[in-house]
């Protein structure tokens, strides 16, 4: 053994330095959820963990299998995302293949996805194509397996030698203590030497497999980030080899000279955690839990190996009676250590799994989850053997102690070898798990992407309860299931029919009766009815449910339901229109007829009209410099602000005549006014924010007079204006972080603040329910304010570099918001709490404000690209394979794990107390 270790030590100094979680795809731009516009020139992919750009690449293929990208893969927003550019893409379906190297575990992971460009719908059958990705990395698992076994052997031997054997009362063998100590030293060095050999071999295999995977030399393979972990691991291995030689020469194993080996092993275990799933999660608690889990697992299984191959052979050197007594004494002592280890494993294992994946469905359906179940089964078998030793073998030996005919040693040696085999198999499973793909990566269904379809509600009338379930609850054909009962859940005695009607008064669709059939009865009374109903389109529908009764009045309930597609079921296509002249379009306004009016922030003193019918631009010039924000009064005039000239004005859409009005100077007159936002109220008055003078001005055209409303405090920086249904003028103060409103009757100001204050509140928008939406420009959020409850609900935008700005609604009631520092528009579904981003084709588009036309199509302006754009939306029918009924029973991970952890803690606590009592009792019996 010494010669082998000398050889390994020499090799380690000249060997070429290695480093489990895998970087699966989390998001792609473009994606299947929205069609990319024709002319798209880039593809962006986000991954679950950092990737190494030197060994990672994206490739884009057309429908003929030709690679069409520019072969310029690069980081996009840090190490979690990659980008590749392409020539302008035409309508069609494209395939993107990815091959990325994890910076955490060194695994090279391939993947692929599809996206559509233009007015193309991807065939759902194409989505079932198998992804070219390994679920378990077998070569890497094979390379790591010897290292796991080796570090378990060494760690278990050191801990057991120090804590169990080192603290054992050796009074009954004091006469043979020198002989036993020398023999124990030799066995300890042999077993730890084997462990170090396995660790070293594993290190070499790791770098060899990595080199083959990457197709490069070992020298190139260690030029990656995970190579640092390999060097750390190899360095610690070298240190352990040096300590081993020092211990071998010392010829004794004192507590003091084993401490260096223990410290080095604790560091080596840390390197295993650094290349594990806990580290890849990016969460410090997960990394700590992974380390503790690896540590106590090593103590448990390694302790068993030490017991079988070191301690029991050492006891064989004793006389018969002493051998049996020492073997018997060791059972409760080892049981105490193992029970503590198992207790910690029971806590850390499920908790770590909660950090990595808490979806029970994903866990049970994935190979990763099946390996976890196999691991638990093997561990349970090892625990069962431990229970056998403590409850059966120890008990019988204790009975026979008086007669001196105990035979513990031989039985222990045979039985524990089975535990050793199971422990090594368990480590093999651990190697597969560590080098396997997490459930979310295998099945590609993470919480953020999960869509649960269906509508479920409980409704009550005076005497009846209706349990209603509509699936998939989308436009088109739906199944409605209704359970009818009294309040205690019993069937109604005098009802055997259910009548359902649907209608849409806003579209003049009269009530349509839905045929219902009985699908379940109790006590010869129907309790469940089912039928097929059709929502012809998205929108608000009325559903009337009536239980027909014979001895009592019929019980009916009227539901007002909003049927709308999920954001993932809306295909979007961005269509752009280039301005005919160089300009800086800023703010769009729909005039309620057939035109969009667009302000121009360039120094040309003009206003633009875009015809929705002819799709042509017309410009109108005036004596001024710029136009910024727009509003429309009751007469249809389009008002604007010319900030540099300190004036407002309007254009008559019929005569195209432009009239301007200079604003008076406001205190302090030493500085110029900075008029910004403009809004017409219901009486035709024009409201203007003076952003630099803490005031809002009301201009009354009938009398040609101005009224000043001065905001309390300083540095308010009033910005945006909006009208509620009562005619109150709402405003934002981007400096103070507040919102408020002015009562136009008496100009009284009411303000509202959040805790903490809103961050850069600028744009405002009221929805149909009277809620006020606020764009927190520097707060990276859109916030919903309920004026009745005076509550704020904050929705954070996904991109840290985005600055949310102007907002509008689409036909489905979704909030669209501009993000002018990135080329993406945000979309938020307030009914389902979903948020996505739609890419803008032009680079550096600088979209700041948006509006909707009469058909509720979304329009926006691209200031730096000098374009306007609209979003064409197509609702994708929901296919049955997508539907996950909301009525299905769903067991939460915490509901399963928490009771099991509690039971495990109770069980291990009881066994721990028993082992303590057994140890004390046996010590008294044997040493008395």
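We count from 1, first residue shown onward.
Keep in mind that glycine also has a Cβ here, set from the backbone N, Cα and C atoms.
Please treat TrEMBL annotations as automatic predictions, because they have not gone through curation.
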Original post:
In TrEMBL, which of 168-187, 228-247, 448-467 is tagged transmembrane segment?
Top reply: 228-247
Original post:
What range among 148-167, 468-487, 488-507, 508-527 does TrEMBL record as transmembrane segment?
Top reply: 148-167
Original post:
Can you say which of 107-129, 291-313, 544-566, 567-589 is given as transmembrane segment in TrEMBL?
Top reply: 291-313
Original post:
With TrEMBL as the source, which of 188-208, 398-418, 608-628 is set down as transmembrane segment?
Top reply: 188-208
Subject >> For the domain 'Copper resistance protein D' (331-432), residues assigned helix / strand / coil by DSSP >> reply: 90 helix, 0 strand, 12 coil
Original post:
Between the stretches 188-208, 228-247, 334-355, which wins on the count of C-beta pairs under 8 angstroms to the transmembrane segment (148-167)?
Top reply: 188-208
Subject >> the domain 'CopC' (22-117) - residue tally per DSSP class, helix then strand then coil >> reply: 0 helix, 54 strand, 42 coil
Original post:
Would you call the transmembrane segment (896-913) and the transmembrane segment (334-355) in contact, using three or more Cβ pairs under 8 Å, pairs 6 or more apart in sequence?
Top reply: yes
Subject >> Overall pLDDT of the domain 'Copper resistance protein D' (331-432), taken as the mean >> reply: 76
